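The compositional bias 'Low complexity' annotation in TrEMBL covers 162-182. The annotation domain 'Oxidoreductase molybdopterin-binding' is assigned in TrEMBL to 282-431. Taken from TrEMBL, the feature region 'Disordered' applies to 152-197. Under the heading transmembrane segment, TrEMBL lists 12-37, 72-92, 99-117, 123-144, 208-229.
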Amino acid sequence: MTSGNERAQHWLLPAAAGVASVALGTGVGELTAAMLAPASSPFVVVGSLLIDLAPPWAKDAAIALFGTADKAALLVGIGIVLLAVAGAAGVLEVPRPPLGRLLIGLLGVVGVVAAATRANATMLAFAPSAVAAISAVLALQFLVRRLPVAPATSPAPARSLAPATSRRTDAATRGAGAGASPEASFDPGSGAADAATVSPATVDRRRFLGWAGGAVAVGAVAALGGYLLQAGSRAVTAIRDTITLPRPTATAPVPAAAELGIDGLAPVITPNAQFYRIDTALAVPAVDPSDWSLRIHGMVEREVTLTWDELLALPLDESVTTLACVSNEVGGGLIGNAVWLGYPIRELIARAAPSADADMVLSRSVDGFTASTPLAVLEDDRDAILAVGMNGEPLPPEHGFPVRMVVPGLYGYVSATKWVVDLEVTRFDRATAYWTDRGWSERGPIKLSSRIDVPRGGQSLTAGPVTVAGVAWRQHVGIDRVEVQVDDGAWQPATLATAISIDTWVQWHYEWDAPAGTHTLRVRATGADGEVQTSRVQGVVPDGATGLHERSVEVR
Ligand SMILES: Nc1nc2c(c(=O)[nH]1)N[C@H]1C(S)=C(S)[C@@H](COP(=O)(O)O)O[C@H]1N2
Ligand SMILES: [Mo]
């Protein structure tokens, strides 16, 4: 009809292609996040990046404008910008391929960078944004190919259609008459169309809108799927938020002198959000405490079951224990120290009365993971506990909510079962566990080790006094001495912070008068039993890495 409508069609349909593609990508991204990296939903990470980047006045303005709805307003704002960029990508893609796809790719890069820079980023943090961008790019390519060819300026030759399509033509005609159908408003020909005939451009356009609508629908279904997948964990998070843990009958004070407070040095107590996470769970198991129970059975005189309420009614103690993963490389970060609240496993085992020839406890989590722990370690006087609290909170879901095991002195894979629901008293020659079935050692005592945290590797320093600092650990034995070696010089004693206990790591520092040049710093620890950390390099398989941690630094 009018040239205005035709001009509108030149960008409206391409813009619709862009919006539909991004809608599909966003939905698929949310589903990917729900499956692989719940903390890395593209919306959430971009929002969180913007919060980090926002100058203080912008934050104040947002809070003044939207109050406690400021976060929702931010997400809506991101959505609006996303739609605008998506529309622009569609409009650009038609005359200048692949500019539109590149623009969407750029959105993906923003998402990946935002995800990778979050404090709680996991190895798969990049995946939701990357998958979202790739699917949107593919969808755009697909939809642009199906855009109707630009209609001729003169009325297109009318074409008679099969009866099956005349129903849609009626609808379009009615819509145009009512002026209510968005489809009709894109449609310069519908007002003139005879009830029985329709132009090929109109058919192409409807077919295109069908594909575009399909893309939006796929996005919506994917997003809904992601939402439903996480419904369980949202419900459990809500329950967790209402829990107040009982006060400990015995507290574990952390001496002030345990924390050196050196910039860049790992804090002596690892905050929950920074605590390493290792498990085989693709989605964090959602366990409602009121459904939780622990069964102790196997080679015992009597089976014991324990519910959440029964566990919380027992006297719970605080203890500080450093957990470490067998996959931690020398100098690596798969280690953390927390204040745990829990009940001694020893007491529960005693209630069950194990038979004299049992030597192992196979713990099992709700998702089927198993760990084999020597029975003797669970029966001696160390703080091997069923933990319900971590650093003053109920266990975070990803750290085993509602109940996990914590055993001082053993790597996590043979002791620290999260979401634990079953303890089977058995024997090492009768049963094996998840990782021991996969080539890891049957026994996993944590090896004596030490790490340099500051200065950072490659950091450039000025000649003069430089603080070298780090942590050292030998759980359930304790650390007697830490020494630092510069290049091939003599080993120099470092100063130890106060140890919280033999079950925790200890901070150390060494004041170095650094001469100019490139230097290698090396650390070694000595256990309270006199064992000196070996320089023999061994990889993490099958029972933990050995060797000395080194840092190369440039002094000017
Ligand atoms: N259910 C379950 N518990 C588990 C694991 C697991 O894969 N599933 N991994 C273990 C390993 S290998 C380690 S190192 C610790 C890590 O505990 P964290 O994630 O709380 O740091 O959990 C242990 N408990
Ligand atoms: Mo581990």
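Using N, Cα and C of the backbone, Cβ positions are placed for all residues, glycine too.
Of the candidate ranges 12-37, 72-92, 99-117, 123-144, 12-37 contributes the most Cβ pairs within a distance under 8 Å of the transmembrane segment (208-229). Ranked by Cβ pairs under 8 Å to the transmembrane segment (12-37), the stretches 72-92, 99-117, 123-144 are led by 123-144.
Model confidence over the domain 'Oxidoreductase molybdopterin-binding' (282-431) is summarised by a mean pLDDT of 97. Same-chain residues lying 6+ beyond the ends of the transmembrane segment (123-144) with a Cβ under 8 Å from its Cβ atoms: 14, 17-18, 20-22, 24-26, 28-30, 32-33, 36-37, 39-42, 45, 86, 89-90, 93-94, 97, 100-101, 104-105, 107-112, 114-116, 208, 211-212, 215.
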